[in-house]
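Annotated domain 'Armadillo repeat-containing' per TrEMBL: 37-111, in sequence order. The repeat 'ARM' annotation in TrEMBL covers 35-72, 76-118.
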Amino acid sequence: MLRVDSPEFHEPALLALLNLAVKDEKNKINIVEAGALEPIVSFLTSQNPNLQEYATASLLTLSASPTNKPIISDCGTIPLLVNILRDGTPQAKADAVMALSNLSTHPDNLSIILKTNAMPCIVDLLKTCRKSSKIAVKCSALIESLVGYEEGRIALTCEDGGVLAVVEVLENGSPQSREHAVGALLIMCQSDRCKYREPILREGVIPGLLELTVQGTAKSQPKARTLLQLLRESPYSRPEVEPDTLENIVCDIISQIDGDDQSGKAKKMLAEMVQVSMEQSLRHLQQRALVCTPSDIPITNCASQVSSK
């Protein structure tokens, strides 16, 4: 049905295959082995927006299979998905970025994505989507992978509002997207601190990083602390007489920031962070106290035995 020269068959065939592939690894592989990729990929350039959408959704589902990833990229699919990301319908763009995110986990595909100049399209989608959405997770994950290459880092910083879009995800995204966002900024700063420190600081990243150090996930907390260290004027530790505490690190950074707005926000966030940390510690102590009741302490029983003797 995909191959026949009758357009009315194409849409129902795509939808049928899409339904068969969802949550079924074996069907994903069988569909590709049956030769469906060539017609599906060809529909990415169709003038029919519905066909484009269904084809993109099909590739999103098929690309979730590790077996299919290299086969799909070998068909020249990645540049076509980037074109969809640039000019497609909103739904097709969302599916395209998720398909690219799936394909990016195959080692050879990241360099192909970089060559297609995908970063501006990814940043544009990240700017317009809800920062807590699944699309933001996939965009920030892709950016984190791409900035592992110098071409990706240059592309992000050259894109107007590129670093700011990542900082906004770091501040307002879901826990998973915040992990990717702080990971991307950390990779940049670790690769060339002198080059990327100022572009990151300029976008007001400090308050979001402070919040992550306390309320972030187990992965994002240490990344946020390490990035704060690198954003200091000097990334090296202070002498032992002056402990290298988070407060000292933040004060160092705040003293270098131009503009009262970010400095005030950072100081306020630091105070709130300390308050949250104290409240968490107090709750932890209260929980410990509840667990350790007198009836649970073995020495009580020993004392009663001694007195009875």
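Just so it is clear, glycine is given a Cβ too, placed from its N, Cα and C backbone atoms.
Just so you know, TrEMBL annotations are computer predictions that nobody has curated.
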Residue counts (helix, strand, coil, in that order) that DSSP gives for the repeat 'ARM' (76-118): 33 helix, 0 strand, 10 coil
DSSP residue counts for the repeat 'ARM' (35-72), split into helix, strand and coil: 27 helix, 0 strand, 11 coil
